[in-house]
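In TrEMBL this protein carries:
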BINDING   G68, A70, V71, N75, S340, N372, L437, D440, S441  Na(+) binding site
COMPBIAS  29-52  compositional bias 'Basic and acidic residues'
DISULFID  C174-C183  disulfide bond
REGION    1-52  region 'Disordered'
TRANSMEM  92-113  transmembrane segment
TRANSMEM  134-162  transmembrane segment
TRANSMEM  254-272  transmembrane segment
TRANSMEM  284-305  transmembrane segment
TRANSMEM  333-354  transmembrane segment
TRANSMEM  366-387  transmembrane segment
TRANSMEM  424-446  transmembrane segment
TRANSMEM  469-494  transmembrane segment
TRANSMEM  500-523  transmembrane segment
TRANSMEM  544-565  transmembrane segment
TRANSMEM  585-607  transmembrane segment
Amino acid sequence: MVAGSAGAEGGRNGVNKRPDDISNDNSELPEKVDTPSDPRQPRGSDDLNLPPREHWENRFQFLLSTIGYAVDLSNVWRFPFLCYKNGGGAFLIPYFTTLIFGAMPVFFLEMCLGQFNRCGPTAVWEKMAPMFKGIGIASCLMAYIVAFYYNVIIGWSFFYLFASFTSKLPWTTCFNSFNSENCWQIDWSTNITSANSEDPGEADGVTVMSAGSGDPKPLNRTYNASVSVSSTMEYFERGMLELDKSSGLDDLGIVKWQLALCTMLTFTLLYFCLWKGVKSTGKVVYVTATLPYVIMTILLVRGVLLPGAGEGIRYFITPNIERLRRPKVWIDAAVQIFFSVGSGFGTHIAYASYNKFHNNCKRDCIVTVIVNSFTSLFSGFVIFSYLGYMSLKTQKDIDKVATEGPGLVFIVYPEAIATLPGSVGWSIIFFFMLLALGLDSAFGGLESPLTGIRDELCQLMRYRYFREVLTFLVIVSAFIFSIPCIMQGGMYVFTILDTFAAGTSIVFIVLCEVVAVSWFYGLPQFCADVEKMTGEKPNLYWRICWKFICPFLLTIIVVSSIISYQPLTYRTSHGTYTYPFYANIVGWVIACSSMSLVPGYICYRLLRNKGSFKQRLALAISPQCEHEEIVQKKIVKRFQKVHWLSI
């Protein structure tokens, strides 16, 4: 790892200074700028009063890190189901349309912000448009909150992985201590008459005898479609979560100690992968970012050889053009791709800030979105080959088998794997894949607040072990806040966080980010910055997307997500839990806690500045490098018509 040298950076970037790049004289400003940095220039770290900023060891580490962060569990458990539900192959039309004109331009914009300014998601706004610093703070807060529940999913993966090291997978049997009388083993005969759901007492059924099956005790049980629950479902709900011991939010029960240990293991791994910054993260991603593709390829080869796999894949890709007439399909595509690339959390800004100044970030952006989309499609073929097999084996339609979210990877997929020869081995490699997918995304999620805090407390970086102590405090506090999610009723808390922590709020933050850069900072200035780094000015496609298309798409998503909001419910094997009214209020408070930081900081900045309202506004929306010109010459470029009309 080569740290950024002040001499090298200053000599290289000195020729790139703009005519208006002048030094600050705080005595002449109507306020003291509350940042340790001088006016924004592409200079060395020493010129900014920051410690020398480390670099990625090589470009490949940065690329793998961004790919690893963008490719996460949603590529496996959400995209395939959305594609199937929203028209199969036809869904790719709105998906790639939104990718090309929305998500990819935002992704490129974030990379440029971090790389040019060489600072994290909070300090970058102090340089470009000080009143929008709330955007960076909100991004870090959201990434931190997401860590509370996202790392619990990785803990679940560890739980299943450890449970797989046995002669017989525990979710394949109904004779565990946690199983109920309604449990139905996945290897019992499927030649049954489903019960009448309206009157299960009078329904026909088939009595299953366990004699000769190797089970430890005889069992008489009649299948009833109304009440029978698969052994895989009971293992997830009763064996791991112990959800049956909680009646809801008002009765969360006790901490499930096995999950607590698995989640603690997750946070411990995160600490040792993050405590040295990109020095440690850059090496770990060689494994975590590549291993999932090896395992998915193995799973696909096995999956396509299963009976029914072809029918499952056909369901996945068969286009239904009629579905494209529904606005919900386009909204689903937009939400999925924006979330999938991971914009808005500040991670791309943080990662790019460790790049060398002249790195070709546009190339990295394009490669990452291509790999991300390929992974989504590839995982769809993997998942639906097994869903087709399960549909044939259980004699159920695909739409009765297919699901999204945790249910797909912790219930449906383990059930399919359990029916294969060598199921233990297949289970082990599958949950290794989930761990790899989850961990590198978790690295990126916590790197955002860590980089943001380090930049704000840069003066403390001179102290030995400051980075390690800061990382420890962030990791430990995140683990403490995750404890409610690993209690017996933790799934009810998990659902609230999953719905609100980064739902409407993350799209709102991305919208503010794009507007702040393309309208307030200004596209001509931003494009000039990009040209200094890459030697190439962004073409008309990028500029039109940044200024018009992205804000339009994001506004539609924000408004639609608010209008289409439904009160929280959670469906369990024994019914649907309707959340109390206060839970929805708590959820919106969580969402607004980050969104409110944007207008809140704008008000704070305007009140904090000195002078008339016009002078305050001028300093709040202008880059630091223009502050002296504004004070001395009363020239405010952002008050001129040409600034707002230029692209």
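Cβ atoms are placed via backbone N, Cα and C, with glycine included.
Feature map: TrEMBL annotations on the structure.
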residue: G68; record: Na(+) binding site; CB count, 10 Å: 28
residue: V71; record: Na(+) binding site; CB count, 10 Å: 28
residue: C174; record: disulfide bond; CB count, 10 Å: 24
residue: C183; record: disulfide bond; CB count, 10 Å: 22
residue: S340; record: Na(+) binding site; CB count, 10 Å: 23
residue: L437; record: Na(+) binding site; CB count, 10 Å: 30
residue: S441; record: Na(+) binding site; CB count, 10 Å: 25
Distance, C174 (disulfide bond) to V71 (Na(+) binding site) (CA atoms, angstrom): 35
Intrachain residues whose Cβ lies under 8 Å of the transmembrane segment (469-494), provided they are six or more past its termini: 144, 147-149, 151-152, 155, 241-243, 245-249, 251-256, 259-260, 263-264, 267, 270-271, 274-275, 446, 449-450, 453-454, 457, 570, 577, 579, 583
Additional residues surrounding Na(+), by Cβ distance to the G68, A70, V71, N75, S340, N372, L437, D440, S441 centre under 8 Å: I67, Y69, D72, S74, G342, T375
Separation of alpha carbons, C183 (disulfide bond) and S340 (Na(+) binding site) (Å): 36
Outside the transmembrane segment (366-387), six or more residues from its ends: residues with CB under 8 Å to it: 63, 66-67, 70-71, 75-76, 79-80, 83-84, 95-96, 99, 103-104, 107, 292-293, 296, 299-300, 303-304, 306, 309, 312-313, 315-317, 340-341, 398, 401-402, 408, 412-413, 416-417
Region pair the transmembrane segment (424-446) / the transmembrane segment (134-162), three or more CB pairs under 8 Å: yes
Cα proximity to C174 (disulfide bond), best match among binding-site residues G68, L437, S441: L437
By Cα-Cα distance, the member of binding-site residues G68, L437, S441 nearest C183 (disulfide bond): L437
Tertiary contacts of the transmembrane segment (92-113), as residues 6+ beyond its ends and Cβ separation under 8 Å: 66, 83, 86, 124, 128, 324, 329-330, 332-334, 336-338, 340-341, 343, 348-349, 352, 361-362, 364-366, 368-369, 373, 510, 513-514, 517, 526, 529-530, 533, 542, 545-546, 549-550, 553-554
Non-local residues, at least 6 beyond the ends, that sit with Cβ under 8 Å of the transmembrane segment (254-272): 151-152, 154-156, 158-159, 162, 240-242, 280, 439, 442-443, 446, 471-472, 475-476, 478-479, 482-483, 486-488, 490
Residues from the same chain, set at least six apart from the ends of the transmembrane segment (134-162), whose C-beta lies under 8 A from its own: 73, 120-125, 240, 258-259, 262-263, 265-267, 270, 344-347, 349, 406, 410, 414, 427-428, 431-432, 434-435, 438-439, 441-442, 445-446, 448-449, 452-453, 474, 478-479, 481-482, 485-486, 490, 493-494, 497-498, 501-502, 505-506, 509, 512-513, 516, 590, 593-595, 597-602
Tertiary contacts of the transmembrane segment (284-305), as residues 6+ beyond its ends and Cβ separation under 8 Å: 61, 64-65, 67-68, 71, 273, 313, 375, 378-379, 381-382, 385-386, 389, 420, 426, 429-430, 432-433, 436-437, 439-440, 443
